[in-house]
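Take a look at the structure set out below.
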Amino acid sequence: MRAVGSGMESGLGGSGAIIALREMARQGALAGFIAIASDWLSDVKEGLCISAFWHNREQCCWDSNQTTFQARHTCPLWRNWADFVIGQPEGPGSYILNYVMYVGVAVMFSGLAVMLVRSFAPYACSSGMPEIKTILGGFVIREYLGAWTLLVKAVTLVLAVSSGLSLGKEGPLVHVACCCGHVFASLFPKFRNNDAQQRQLLSAAVAAGVSVAFGAPMGGVLFSLEEVSSYFPPRTLWRAFYVALVAAFILRAINPFGDARLVLFYVSERGTWRLPELAAFVALGAFGGIWGVIFTRANIAWCRCRKNTRLGHYPVTEVVIVTLITAAVSYPNPFMRGGSAQLVSELFTDCGPLRASPLCDYLPVDNNSTNVTTTIMPAMLSSHVTPGNGISGMSAASTFTTVMAKTIPPTVPPTNEHRAGPGVYSAIGQLALALVFKMATTIITFGIKVPTGLFMPSMAVGAVAGRLLGIWVEQLSVSHPRMLPFSKWCAPGADCIAPGLYAIVGAAACLGGVTRMTVSLVVIMFELTGGLEYIVPLMAAIMTSKWVADAFGREGIYDAHIRLNSYPFLSNKDPPPLPCLAGDMMQQTPGRSNSSSLVTLVQEGLTLQDVQDIVSNSRHNGFPIVVAPESALIVGFVLKRHLNLAIENARHHQEGVGPHTTLSFSLHPPWAAGATANGNAENGAANVLKLQSIVDFSPVTVTDETSMDIVVEVFCKLGIRHTLVTHNGQLLGIITKKDILRYLAHSSCHEPPSDIFS
């Protein structure tokens, strides 16, 4: 108990627990608000509830006492826009009016979202996952996790999802969670002044974001570990576990899904799977890997076109046009009209007596079989049941089965309740069109200037492909029941194939192919659906998806966007070997090389004018501080940004600061000791600007004989942006993260983007 308690205390701490509790309480509340508001606004595109306008369609129908089982797909309390405007819910004119209102409201939502992002918080656009990965890798993006970004992203995410664009709210919810964590952490000096502590808290916030996005707390912890965090010590694991638990609890208390469950797509009727079906699951995995490669390359090409052409100068126009195209294509197709989440939910669920979907339009029992059964059964039973010799119901059923097997001629076709009807074939055509349109719209949507998540559209693509494959396998078993392998495990007329399972596996495969997730994705999927028995099919499909996608390139969509935006990010996944030493890669100090030299500052003697000249003429973002020009003993390191701010503040708030003011970077300046001995300390420090507070007196250092493999590992785990190189205690040079990225880019025969090293 002592060890566990100490682990909890070290993992959370007093202020850490308070921050996590407040942060995740707000994050759970925000996620609930976003889910409820987006569901309502999504339905507003089609109509309103006449009893309570603030209810979405599902809530409106819950309150209706006029809904019958026969007309369970209709709701008298819900009225479409044509019924409101012209009083006619159906007809050609009503269809056109509903069509126009659907497209118009969608364009209004997305247009408002992009204008809010452009005017108030440019960092609130897109997914946020590439930037979060970069920040957790040690890079600083100012204002990316600020309170204003948090507010604008939460509001515009609701509008973007409600517009019906091919996007999801899962990735942006991770950004929202990180904003919550950063805002609250800034209230405590323990986190505000410690970059390492902030990164650990952000890793935990990522877990909470996935927890509230999918209702998958354990999957969120694994997602932060596998996909986002560069360094994940046990202390961070405790924090991630705690905040994911709190966030899931708050979300469950809010109950945004309205079904008293935490999972988003609960699979109530679980069909079994057989070993031969693994071939179909592997095929779905291959499809997911190919889709991941196609999507990544096509989306990066489209984003590069947007970045390098005039298209990027008109973000509002682009968003409006994309929304117009998406809405115009989606409304005629009932499977695309409700958005990606509703489509995935429809495809995950197998048919049952309460389903009113065209996917469940199966033909009734074969007429020939029915006639044979109803005609022969009385005669057969009368020959085996004599008066006075009653039999029980179970015995009668057993007797009837035996007699049927002996009496019915083999030419009579077996009964079958799973032969597809006209509704199923119509749904197949609509799903095929939905698959093509969803692929195209997802490629051009991800990266536009509104919050755009990637998880749900990728899952929708895979769910459509999986459901189509599941229907094909099901009908193949119906048409050829004696074909291998169906004859071995599928009895005629039995419910052997579950097309909903194929949709679940296809969704996981496509999401895995796009993001290259593995372990965390398996856990997220079974938490998402509640289908624990589907782990083996999910594992087979996800691993196949990753293998196929990695055969064409090891970059997932987030890493590709990091490279596109020229973020200085070092991946800790399979780092390439670097056959060199730190001394071979460093930027050297003056006098040691004819190449570009590292600029240093001395701890005493420089005037304000000298430092300003050095700073203005240098392209470096920081400067090592040494004892003297002729001595390379390291004192510390100071960032250019901190130096400029300190000088500017001193000029405004201190008297006598001018070009000839002497600067001191030392903790124990020599003039102080001498002045104290002579009794005139005030005269010695009269014209000295002391800048010890901005100096890092313990910079990370390595020797010139250190292997670069070890240096890269230090950069990844500590999240640092530079390290000093020494030899026998003397400063030789510096290695920055950009130096390593430049070397990796040239060694892999790829020309690095010029702005990554500017």
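The chain as shown is numbered from 1 upward.
Quick reminder: no glycine exception, Cβ is built from N, Cα and C everywhere.
Automated prediction, rather than curation, is the source of TrEMBL annotations.
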Which of these ranges is annotated transmembrane segment in TrEMBL: 145-167, 490-512?
145-167
How about long-range neighbours of the transmembrane segment (145-167): same chain, 6 or more residues beyond its ends, C-beta under 8 Å?
30, 33-34, 37-38, 41-42, 44-45, 106-107, 109-110, 112-114, 116-117, 120-121, 123-124, 128, 135, 173, 175-176, 178-183, 202, 322-323, 326-327, 330, 337, 339-340, 438, 441-442, 445-446, 450-454, 456-457, 460
Spatial neighbours of the transmembrane segment (201-225) far in sequence, C-beta under 8 Å, 6+ residues away:
16, 19-20, 23-24, 27-28, 31-32, 132, 135-136, 145, 169-170, 173-178, 180-182, 185, 191, 232, 236-237, 239-248, 250-251, 257, 261-264, 455, 517, 519-521, 523-525, 527-528
Same chain only, please: residues at least 6 beyond the ends of the transmembrane segment (275-294) with a C-beta under 8 Å from a C-beta of the stretch. Say none if there are none.
439, 458, 461-462, 465-466, 469-470, 473, 485, 488-489, 497, 502, 505-506, 508-516, 536-537, 540-553, 556-557
List the helix, strand and coil residue totals of the domain 'CBS' (695-754) as derived from DSSP.
23 helix, 18 strand, 19 coil
Limited to the domain 'CBS' (695-754), I'd like the whole-number average of pLDDT.
82
